[in-house]
Ligand code: RTP
Ligand code: MG
């Protein structure tokens, strides 16, 4: 089943020079294609839309602070079961719980600075693609 997903390489990934490494892991996967890619510093308003489900939670403010602390790389990735697939490459939210071999397991230390965001469902993917790449059909 061909799908698309919205991926963000978070400010920690950009600061630490890990974007190439992470993009390589995505590119190596047969049958997946990067169809949009942009380096951008996010406004609070964009983050409020993107992380709307978390507004009011204790980690929300520090999350927005972190996510706007430097540029991110936003990508659209398309291909076979790519939504589930990029989530699997990323590993669980908490890097300490993430297995070696996953992006968060290999490079993450603390839960907020976990390197990568990937849409968690087809509905989220469509919503998030519209936020970051409004020109896309
Ligand atoms: P994401 O949305 O970024 O792909 O990550 P996720 O689905 O794995 O995690 P989610 O529950 O949606 O949380 C969004 C992001 O908020 C930060 N977070 N901090 N307890 C905490 O301090 C905490 N919990 C979550 C992480 O950056 C997480 O990816
Ligand atoms: Mg999430």
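Glycine is treated like the rest: Cβ placed from N, Cα and C.
The model shown is predicted, which means the values in this text are computed figures rather than measured ones.
The active site, pros-phosphohistidine intermediate annotation in TrEMBL covers 117. Positions annotated as ATP binding site by TrEMBL: 10, 59, 87, 93, 104, 114. Look at TrEMBL and you will find 2-137 tagged as domain 'Nucleoside diphosphate kinase-like'.
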Largest CA-to-CA spread of ATP binders 10, 59, 87, 93, 104, 114, angstrom: 21
Which binding-site residues sit within 10 Å of residue 117 (active site, pros-phosphohistidine intermediate) - Cα, from 10, 59, 87, 93: 10, 87, 93
Among 93, 114, the one of these binding-site residues whose Cβ has the fewest neighbouring Cβ atoms within 10 Å: 93
Of 10, 59, 104, 117 (the recorded positions), the residue whose Cβ has the fewest other Cβ atoms within 10 Å: 59
Spatial neighbours of residue 87 (ATP binding site) that are distant in sequence (at least 6 apart) but have CB under 8 A: 118, 120
Close-lying recorded positions around ligand 1 among 87, 93, 114, 117, where CB distance stays under 6 Å: 93, 114, 117
